[in-house]
Amino acid sequence: MNKLADIGLIGLAVMGENLVLNMESKGFSVAVYNRSTDKVDKFIQGRGAGKNIKGTHSVKELVAALEKPRKVMMLVKAGDPVDSFIDQIIPHLEKGDIIIDGGNSNFTDTIRRTEYVESKGFQFIGTGVSGGEIGALRGPSMMPGGSKEAWPHVKEIFQSVSAKVDGGVPCCDWVGADGAGHYVKMIHNGIEYGDMQIITEAYQFMKDVLKMDYDEMHETFKKWNTGELDSYLIEITADILAYKDEDGAPMVEKILDTAGQKGTGKWTGIEAMHLGVPLTLIAESVFSRFLSAQLDLRDQASQVFQAPEITFEGDKEEMLENLKMAVYGAKLISYAQGYNLLMEASKEYNWDLKYGDIALMWRGGCIIRSAFLGDIKKAFDKNPSLPHLLLDDFFKEKVQKAQPGWRKVCAVAVTNGIPVPSLSASLAYFDGFRSKRLPANLLQAQRDYFGAHTYERTDRPRGEFFHTNWTGEGADTVSTAYNS
Ligand code: 6PG
């Protein structure tokens, strides 16, 4: 490869290697660099052999191998390595060159890095890349944000390598300024945590309440994947449940029940707290991973507390249908909550997010890809300023339809001592969401009673604050009526 390369890539781990091969297969020449340079040589002699890929042994050599404006993409571990590489790349750049971070970086870092790189006269893109190993190779979902002027220079490469839906629409478009791309990827991951948690609760319900064996569970998920729950995560769950270990036992049974996490779900929960958005399902799914990780404590508690005896004697097929509705209902809530957070973030960070386009970016390639995202896209196409997904006619009807079965599943689970945190928290959210009046009146009275925090009245205009001397002993001084 003698001519200059279209793009440079740093980081030849699983995602990096596969993305390079994907780019090359779409006709782009790529220069690659990795901190341990033996990996570069191995790649060039192995999977990269005979391809339009140039191996380099230093950041300087990598940058010198690129066509201008230079595009240097990093697929390295989020955190300090990203900052370190930015500082190594910058001395070799010229005005207008572009640095791209394709890792799972925290959006606040991406906001800071965009400002920093721009202050040096260059451009920065922070892009979400979803789809794991296979996605990176065959077509991931990509969510770029950052320096807007950089987008036309990478658009062709990104949209060529990304997944396509509906006969060729790329699952990649410009998301917005500074950290917008990584924010949308963070929400994607939060939703991924939620979907996975919902599925695991359904699995436990099938196994422990309905006493289904692995083959039955496999068949059920396979069937679910042909209807409204059609999605990548349901599809792989069906595969996983059918997988047997060497001794013929279900592989899943041999796996320790302690969930890992790299942090993006937790960031989503923290961000929901920060912006005051009730993101209960995703938060529960993060907490459930924490609880699963407390193996020793759970072991001790299991010896102290007796589990209720499981007494389900109803119609199994009927309950399975209810379970499907519970999964669907919870999923509706999860996405509605995720979009609620996106809407608040769009205002807070001035991003002007395009909600339908985001659904389209998630329709293919990524871990949460599903038929369902097509319905979300339609809802926002119909009404781009829809205030909440559940207020769209389609979602309204679906959530109504899911209710009866969903309630029955939660009731049976609670009676039988089966934890269903995401199925039940989402139902509780729905019941709160559809309530014109909540018991927060009493809460306000309590705040006013002990701290003179004041309250507003139902029979007076909003914005007027009152205090009652509940005990007859308090003074007239009230606390400031500000809300965090
Ligand atoms: C994706 C995934 C990916 C994520 C892993 C692991 O979109 O391809 O979201 O980015 O890092 O799924 O996440 P946890 O280790 O936090 O479960």
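Placement of Cβ uses the backbone N, Cα and C atoms for every residue, glycine included.
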Candidate sharing the NADP(+) site with Gly11, Leu12, Ala13, Val14, Met15, Gly16, Asn34, Arg35, Ser36, Val76, Lys77, Ala78 (per TrEMBL), from Asn104, Asn189, Asn225: Asn104
Substrate binding, same site as Asn104, Ser130, Gly131, Gly132, His188, Asn189, Tyr193, Lys262, Arg447, His453 - TrEMBL member from Arg70, Arg289, Arg434: Arg289
Sequence-ordered recorded positions from Gly11, Met15, Asn34, Ser36, Glu192, His453 with Cβ under 6 Å of an atom of ligand 1: Glu192
In the chain carrying Glu192 (active site, proton donor), residues 6 or more apart in sequence that have Cβ under 8 angstroms from it: Leu233, Gly265, Ile367, Ile368
Cα-to-Cα gap, Met15 (NADP(+) binding site) vs Arg289 (substrate binding site), nearest whole Å: 24
DSSP-derived structure type at Ala13 (NADP(+) binding site), helix or strand or else coil: coil
All-chain count of other Cβ atoms within 10 Å of Asn104 (NADP(+) binding site): 20
